[in-house]
Amino acid sequence: MSENIDVQATVTVTFPDGRNMSIPSGSSGYDIAQSIGHSLAREALAIRINGELADLGTAVTDDATVEIITFDHPGATGKHIFWHSASHIMAQAIEELFPGTKFGAGPAVEQGFYYDIASEHRFNEEDLQKIEQQMLDISKRSIDIRREEMPREKAIAFFSESRKDPYKVEILQDTLKEADSVSIYHQGAFADLCSGPHLPNTSKLKAVKLTNISASFWRGDSSRESMQRIYGIAFPSAKLLKQHLARLEEAKKRDHRKLGAELELFMLSQDVGSGLPIWLPKGAIIRSELEAFLKEEQRKRGYVPVYTPHIGNIDLYKRSGHYPYYSDSQFPPLTYKDDLGREEQYLLKPMNCPHHHLIYSSQLRSYRDLPIRMAEFGTVYRHEQSGELNGLIRARGFTQDDSHIYCRPDQLVDEICAAIDLTKFVFTTLGFDDIEVRLSLHDPENQGKYGGTEEVWKQAEKDVREAADRMEINYVIGIGEASFYGPKIDFIVRDALGRKWQLGTVQVDYVMPERFDLSYIGSDGKPHRPVIIHRAPFGSMERFIGVLIEHTAGNFPLWLAPVQVAVLPITEEVHAYAERVHQMLIDNGIRADLDIRSEKIGKKIREAEVGKIPYMVIIGQKEADSEEISLRRHRKGDQGSLTLQALKDMLVKEVRNKS
């Protein structure tokens, strides 16, 4: 007689560190976390199965590699899931407090989340506090967040009839028109169209701060409906929020717009126009020094300078594809009639690239001439939305340290490596030691978004990967983040407050040589296509300097400081000697100011400290008699006495070494 024995099937899961574990088939991400430890189960937010993110409740039914995602997961994956769910919780809170509100897009961003909303109510700071409290109330209700797969046509009916949300209906009928089914997330009476993943339960949210309200447009299109964008950030503990708010306070002190005004670096004026910064003398010195630094380094590395106009014929940008591809972010064409009555249109230059391609094609090139490395600090113009403008960091007129390298295919990987090396050199020289690299590749499922064939893209991406691997840089892959003409290597720096900024870039381009019919004569006597590398270590001078101001809190290294030394005589009797010292510094290339006002030395020192001047030379009768100086360093105080020769040697060496 035999017995039926119920043996539950098991599967093997493999963790990132290589460990294996046998679990019952159908176990959820939460079950797996619980089997590892109660602490991990409490902190678990989602699961990655065979490289794909999924909700924590997703069942594992086959052997798989798995990774439990927590808030502090490397690469900010956990934070983005948490903040994306927080945007849904905020939307639910708004819907409960302000019935009839409609919802556009609500993604996670670098530091938190936002939601674009359509409402007749104009939201204010008092409303934000009410919404915060409602979000915490939703958290206390411990509402399960549930995913539902729904046929697209049924989803259209759901959002049209039940939710009465025209924005979700538009997405379903437009962006998702090819989808057979879509995912919807429910939390209580609230529901949203979303691919997820999301938190398992609203109770994970323990602390929230809504930070800002700004204007926006549906789908970023200024011709569409205006919306209100509410920003916020949330955390799984009150302690983390407190730490974040402390960092925000420090960020306010470092705000480049605040410091830019206090240190007299740049100004913004509505008389000139939004997003068009004006460089004041001290800021112009910083920019000039940075440009000179890169120009000299480029000269050593074989670059040649070029200059191009600020406007160009619209046909040039149609040829390159920048128009109409970037037309939404460009200023309207300038239209006029020539002497024969023919209408011509010009654009404020949105990119430097097409102009450089014309320079290349202006003469016959041989394979022996390549690589040709052109470089220009070229000003370009983009019509950014007013709500997106942010001092120097997001402007409408800005200068790019643009270079285009024209090379043979057999030279390409070497040239990419050299461009990577230059970019890393620039960042480390300027104190950005924490650098991330992202390889931005195209989305093969959306080939129509890009120029060139799939075959060309495969080759370009192969070359970029080979160069990155040869340079031994750690990188992450960003699918769908490439430029329309080629893959790119983006450099993301982390500043003193831990914030990430995308600055430099290196891009490979097989498309523009075709569009501009660029060629060189090969060793076989026949024409061949060059490959182009677009390269900009700073990216935008304005953005880079804005980030640098906040990174250093305005305490620039000596070689960049607008005023490097303040010469501060104590009494009128030593003015003659102070003038001699001042002139000696000027003669040796040091930017020095002489303060001969009849103020007490304490006040002069305080003002120099506030002005963040790196060195203060104090001169009294004792110093004048011995022909020495007393030296103070910003934030470090008294450095003792020095001879004039020792002072000169020290300053010149520090400037030369860019230390």
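One is the number of the first residue shown, and numbering goes on along the chain from there.
Cβ coordinates come from backbone N, Cα and C, glycine included.
What Swiss-Prot records for this protein:
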- 7-70: domain 'TGS' (DOMAIN)
- 255-557: region 'Catalytic' (REGION)
- Cys353, His404, His534: Zn(2+) binding site (BINDING)
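In terms of DSSP secondary structure, the domain 'TGS' (7-70) contains 14 helix, 31 strand, 19 coil. Cβ atoms within 8 Å of the centroid of the Cβ atoms of Cys353, His404, His534 (the Zn(2+) site) belong to the same-chain residues Met351, Asn352, His356, His357, Asp402, Ser403, Gln507, Asp509, Met512, Ile532, Ile533, Arg535, site residues excluded. For His534 (Zn(2+) binding site), the Cβ neighbour count at a 10 Å cut-off comes to 24, with all displayed protein chains included.
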